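Q: I grabbed these lines from Swiss-Prot:
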type	residues	note
TRANSMEM	38-58	transmembrane segment
TRANSMEM	61-81	transmembrane segment
TRANSMEM	97-117	transmembrane segment
TRANSMEM	130-150	transmembrane segment
TRANSMEM	201-221	transmembrane segment
TRANSMEM	240-260	transmembrane segment
TRANSMEM	286-306	transmembrane segment
TRANSMEM	321-341	transmembrane segment
TRANSMEM	351-371	transmembrane segment
TRANSMEM	376-396	transmembrane segment
TRANSMEM	413-433	transmembrane segment
Amino acid sequence: MNNSVTSNGTHEFVCEAWLGSSSGGLLRGDDPLKYSTPLLLLLISLVSSLSSVFQALLRPLANVDFVTQILAGIFLGPSALGQNIDLVKKLFNTRSYFIIESFEAISFMFISYISTAQVDMGVIKRGGKLAIINGLSLFLFPYVVGAIACTVITSNIRGTVAKNNPEQLHNLLTNQSVVYFQVAYSVLSNLKMLNSEPGRLALSSIMVANCFGWGFFLLLITFDSFLHQNYSKTTYLPTFTKVLLLVGIVVVCRPIFNWIVKRTPEGKKLKASHLCTICVMLCTATFLSETVGFPYVVGSVALGLVTPKTPPFGTGLTDKIGSFCYAVLMPCYVIGIGNKVDFFSFNLRDIISLEFLIFTISAAKFASIVLPSLYFQVPISHAVIVGFIVCIQGIYDVQIFKQLLNYKNISHEAFGIMVISAMVHSTIFTAIVKNLYGWVQRKHITYRRQTVQHYEPNKPLKILTCFYHRETVPPILTVLELSTCPSSASSHSIVSVNLEELEQNNVPLLIQHHPGHNDESSTSSSRRDQISKAFEKFRSGHDLQENVSVECFTAVAPSKTMHEDVCALAFEKETDLIIFGMADGTAAERRLCRNVRNASPSSVAVLMDQGRLPDFKNMGTAMKNGSMRINICSIFLGGADDRETLAFAVRMTNQPYVNLTVLKLVDGENVSHLNDVVEKRLDFRTIEKFRQDTMNKHNVALREVWIKEASDLVNLLREEGNNYDLIMVGIRHEKSFEVLQGLSVWSEIEELGEIGDLLVSRDLKLSASVLAVQQQLSSVVEEV
């Protein structure tokens, strides 16, 4: 027996004979579509196939998953295939309708929980004052502007708008004014903007607006219960049970989550028993939410908020619950939406009226973000991007529209127009955000040379270090120690960025560490503290501590966009050099290194330690007693990268325990291998300046080495490579160099350049550490 509500508000009971869930098959004379399991699988297959087709067609516009899914549902509904009466009788009969409705509710229960559990409420605190002001403005301004627009519409149009009475139009206005952080998170994740400045500001602002919205919603429900009941003890009971439910979710469920975290070893995924426990808690919270008078989604959202944001929940929930939800439950969800959208029920007047209201509210959302952001001096490009992000709608919005329709708070016509409007606006706004953000990224150019070669001596040398593995921290600190000038005439500004890969579907973070302050008592926090303490010890170990400043950050971001935090910090701090520590040349490290090199606003040096560099902690003592010498080699073949390498090597000669040997590679006629006349002239000036600057330094030597082909270079490095502790080389060289011909064919770590890759190759078996340097990529041309 199934129970449904008809259009006139009465209940309709449908009784059907139980045939079983599985068919015996066509060969036995059974009709598979009369059984629930084959019918469900067929509908899922149809939606998945259609979604893939629409995904391919809309790919040039933007990556809007929800649009393609809803389109698939609409295509199966009365707007397209649903016009075929025979098909409707087969696929969308009474039995299938109730199957779809049930799975639709289950789907949204899981979607709302997973999308909420992904987001850390700490984003609000990190957003600062601007996020609070933006959130308050985003909560109030669209509603006020929408109310004015609603008044204009009702006063100028006779009758109803899309069969909505004034109360229904007000419900439409209220829900169009709301922005959901679950939608924003999904969009930012798809566009790989979670760890961008606009992404962080958008997410924190929307979460603040949602906090105001949820608070207002609870007050409204409480006020409504008082308004419609006599003042007695029973009046307070509904309010008390609602509060008790929310408190119970926190008090009961949070300890269970913490128990699961303790029982799950680090790096391991959720056990099946723990996953079942979470599902039971979710179903219980949802059921109790509906029982006490809340919409059922409140229970799943509340449970998502109390779910810890630490592993194993980030990857475990998405990999196990999320995959099933989006692959199996989501198709049923979009079919239920598509069956309620009928293009043939629309008329032009209703479309224009509702679009005017929706567009006005979207414009108010845009203004409520852009104006406060500009007042707080946020770059106009970032403010505009955030403004468009808050206008994007998604699956979450559509489900809220569906709830309004189920409770008769809006008409079928209004629901259809709102769904189509959400799809069109989201496609347009997502495409705008994607292209505008890409343009902003490409505009990350500097208006001065940020290189070691063009460093101004009267200013501090600014170096940003970044590393994916802790093992690379000691050699990086050693290189920093070598480049530090012991005199008081020069100062050093160091920024360290500890890179951590984001647990899937958690919120990206950029954490600044302060001396003596621990953020959390977790394993990851302990590692971060150790790294920040190492850099602080580096600073405190100098006699002239006032000449060395250190800032430590941890960037938690997806691996594909991790470089954006590095480059954004380098741009903000105006660093002259980025030093990237490479441990073993894994694919992830190489991709990250490549992205940093391509997007960096300054010069980049890639350090690959092979064990010869001493520990920086012992260098001070060894320098005083003269027991340590560090031999450095700089290979000069020609070009911008080699000039940058030489400039950095010369700076290291300020340390009395450093011996520098510059190997200038020339052909048989004592001529540079370069063909470019301008580059030759720049190389000549650089070498002449080097000779003048190091004339009185006894720890510097320049040798010109005759090299005609690649085999000569290989023999030179094999014979002399182990004489040095550190070999410095440029990454990029002219492709026409005969001396490098054939080396790139056997390259294993091409991010180090041809010579750098040769130095770390297994063929040479060298123990010297390698520092490969790339000068700043810029359109600025050096004076000839």
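Cβ from N, Cα, C; glycine included.
Describe the structural context of these features.
A: Below 8 angstroms of C-beta separation, residues 2, 4, 14, 36, 39-40, 43, 182, 185-186, 282-283, 286, 296-297, 300-301, 303-305, 307, 309, 313, 317-318, 321-322, 325, 329-330, 332-333, 335-336, 339, 395-396, 399, 402, 505 of the same chain, each at least six residues beyond the ends of the transmembrane segment (97-117), sit close to that stretch.
Beyond the ends of the transmembrane segment (201-221), by six or more residues, the same chain brings 119, 121, 123-124, 126-127, 130-132, 134-136, 138-139, 178-181, 184-185, 188, 194, 242, 293-294, 369, 373, 378, 382, 385-386, 389-390, 507 to within a C-beta distance below 8 angstroms of the stretch.
Beyond the transmembrane segment (321-341), the same-chain residues lying 6 or more positions past its ends with a Cβ under 8 Å from any Cβ of the stretch are 40, 43-44, 46-48, 51, 69-70, 72-79, 82, 92, 97, 99-101, 103-104, 106-108, 110-111, 113-114, 275, 278-279, 395, 398-399, 402, 405, 412, 415-416, 419-420, 505.
For the transmembrane segment (351-371), the residues of the chain that approach it from at least six positions outside its boundaries are 134, 137-138, 140-142, 144-146, 149-150, 153, 157, 161-162, 172-173, 176-177, 179, 202, 205, 383-384, 386-388, 390-391, 414, 417-418, 421, 425, judged by C-beta separation under 8 angstroms.
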